[in-house]
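Structure first, commentary second.
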Amino acid sequence: MACVSDLVAFTQPLIIGAKPLEIVRRSAAFHPNVWGDYFLKLSQDEKKLESMRERAKVLKEKVLKKLSTIEGGERLELIDTLYHLGVAYNFEKEIEEALEKIYKAYDEDATQDNLCTLALRFRLLRQHGWNASSDVFNKFKETKNGNFKESVASDVLGMLSLYEASYVGTKEDKILEEAISFTTRNLSAALPNMEPLLAERVAHSLELPLHKRLQRLEARYFITMYEKNNAHDEMLLEYAKLDYNLLQALHQNEMKELTKWWTKIDLVGKMKFPRDRVTECYFWPLGAFFEPQHSRGRIFATKITQLTSIIDDLYDVYGTQEELQLFTDVIQRWDMNAKKSLPDYIKPLYEALLSTLKDFEEELSLEGNAYRASFMQQAMKNICMAYFDEAKWYNRGTTPKVEEYLNSAEISCGYPVVATACFTGAGEITTKKLLEWIQSQPKYMKDTCRLCRIVDDIKTYKFEEERGHVASVVACYMEEHKCNEDEALEKLNEDVMNTWKDINKACMRPTPFPMVVMNIIRNLSRVMEILYQFGDGYTFADTVTKERLNLLLKDPIPV
């Protein structure tokens with residue numbers, strides 16, 4: 001981490017006689033790339049992978065048969081297990097049909113179920129956009145005082161199921177707000193007396209609820225936990241391990257391609273100052289959509305995310321006001337000839353951005369989708385304008401009002417760029433109407449961006465204040481409301497909770513686009529919760545983030 005002595009403010013170039021004084025620039029002293037050429041050296045046994053694919057096909061048919069022959073609570077549990085194991089994406093059609101049938105019988109079944117099954121049904125339906133009523137939980141409350149019954153506190157599995165279900169709620173689900181408080185308090189109190197396997201599972205959930213976790217990381221964790229359970233299904237376990245490792249092999253190949261691209265353009269070598277984080281940039285699109293059919297989308301989105309990260313560092317740390325004005329202007333022109341007006345050290349970045357998008361536009365044109373590139377261009381123009389506005393705030397010493405700051409953050413957080421990049425590279429799920437919708441910044445996108453910025457700022461504001469940075473949302477809130485840091489953090493964390501409820505509400509059917517689209521965008525919120533869970537896991541990528549990426553991209557599961 002950079003210390004205060006590493007950081008110095010901008011000074012404008014001064015002319016004394018005929019010699020200009022050297023410009024003094026800020027530096028964040030970012031640590032180097034922790035992956036090096038690992039993926040370039042990685043080799044795979046294709047014969048072994050093909051054998052794994054054949055075995056996985058056989059097991060998939062067995063899972064399909066099992067899914068079609070069971071009913072009721074047993075089917076609910078199987079669907080939930082498939083999600084935890086990370087293989088539900090292989091059975092989307094069958095699960096959708098099953099949940100539609102379950103939704104139609106929701107009210108009738110709710111009168112008969114125990115808390116564990118009822119909460120599981122509610123959560124699965126809400127996760128898939130079905131507006132299951134939370135009123136079904138009223139039967140677990142006392143009629144006199146409205147509190148949850150004492151018997152609920154002694155039902156650990158029921159409480160755990162209710163706890164997880166509570167996070168798919170909206171602002172209208174007041175009972176779920178009470179449930180979060182009730183279950184968190186009672187599960188925490190009961191934790192020391194639980195058997196080890198259950199205690200580990202409960203502690204994992206209390207650390208971060210399932211609804212905020214990423215499927216691939218959750219699958220890696222759950223496969224290990226599932227194997228420890230003596231009641232596990234050996235066929236399901238083997239299938240989950242094979243599927244995880246096969247996907248990991250695909251993701252490794254994508255990272256090999258990305259590392260080749262990144263090494264070839266060598267922007268860090270040419271520019272020296274930015275964060276070298278191409279593997280960490282891959283974390284965002286991998287979190288958004290990990291399935292095989294989205295391979296191209298992940299590759300393109302990672303390239304754009306890494307280039308945007310360098311642009312962010314240029315505006316945040318390194319560039320002078322005059323240089324940033326020039327760069328903002330040439331980005332708006334989007335013309336390779338315009339690079340002549342840029343300082344030499346910025347030219348490689350401009351060239352790489354325009355060339356990367358041009359190459360992709362040519363690829364898209366072969367399938368009649370060249371129009372997508374114009375949306376990507378506009379997203380880049382928009383974010384550079386937002387970055388420049390915030391750089392002006394910093395240089396003027398301005399602390400904006402909270403909503404003014406968050407309005408800018410709807411663009412500068414980077415999620416409109418990342419989402420546009422994901423869908424620009426995606427397959428048939430992308431339409432012109434979808435890209436127009438994202439560009440128009442509907443409330444769903446604004447909420448996702450709001451959550452992104454607040455979560456980011458809560459975890460990074462102290463370091464950025466030391467480095468020299470535009471005022472964070474924490475500083476803006478303290479200034480506007482004349483409160484202390486703890487009060488500001490309490491209110492902002494409450495804002496995050498409420499924004500999650502709005503995001504959940506937006507994913508209720510009918511939705512403006514298919515659930516697969518809505519979930520890709522919602523997954524970007526989950527990436528923030530994970531990547532910034534213990535601090536800035538992107539800038540400081542050599543600890544927890546490295547461990548998580550090892551699980552995702554390096555270490556296969558023993559089969």
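Backbone N, Cα and C atoms are what each Cβ position is placed from, and that goes for glycine too.
These features come from Swiss-Prot:
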| type | residues | note |
| --- | --- | --- |
| BINDING | D312, D316 | Mg(2+) 2 binding site |
| BINDING | D312, D316 | Mg(2+) 1 binding site |
| BINDING | D456, E464 | Mg(2+) 3 binding site |
| MOTIF | 312-316 | motif 'DDXXD motif' |
Next on the checklist: Between D316 (Mg(2+) 2 binding site) and E464 (Mg(2+) 3 binding site), how many Å separate their Cα atoms?
Outcome noted: 10
Next on the checklist: Excluding near sequence neighbours, so keeping only residues 6 or more apart in the same chain, what lies with its CB under 8 A of D312 (Mg(2+) 2 binding site)?
Outcome noted: Y387, G414
Item to check | Protein Cβ atoms within 10 Å of D316 (Mg(2+) 2 binding site), excluding its own | outcome: 21
Checklist entry - With DSSP helix as H/G/I and strand as E/B, how many residues of the motif 'DDXXD motif' (312-316) fall in helix, strand and coil? => result 5 helix, 0 strand, 0 coil
Checklist outcome for this item: Under a three-state DSSP reduction, the secondary structure at E464 (Mg(2+) 3 binding site) is helix
Next on the checklist: Can you give me the same-chain residues 6 or more apart in sequence from E464 (Mg(2+) 3 binding site) with a CB-CB distance under 8 Å?
Outcome noted: S472
Checklist outcome for this item: For D456 (Mg(2+) 3 binding site), the nonlocal same-chain Cβ neighbours (under 8 Å, six or more residues apart) come out as C413, M528, Y532, D536
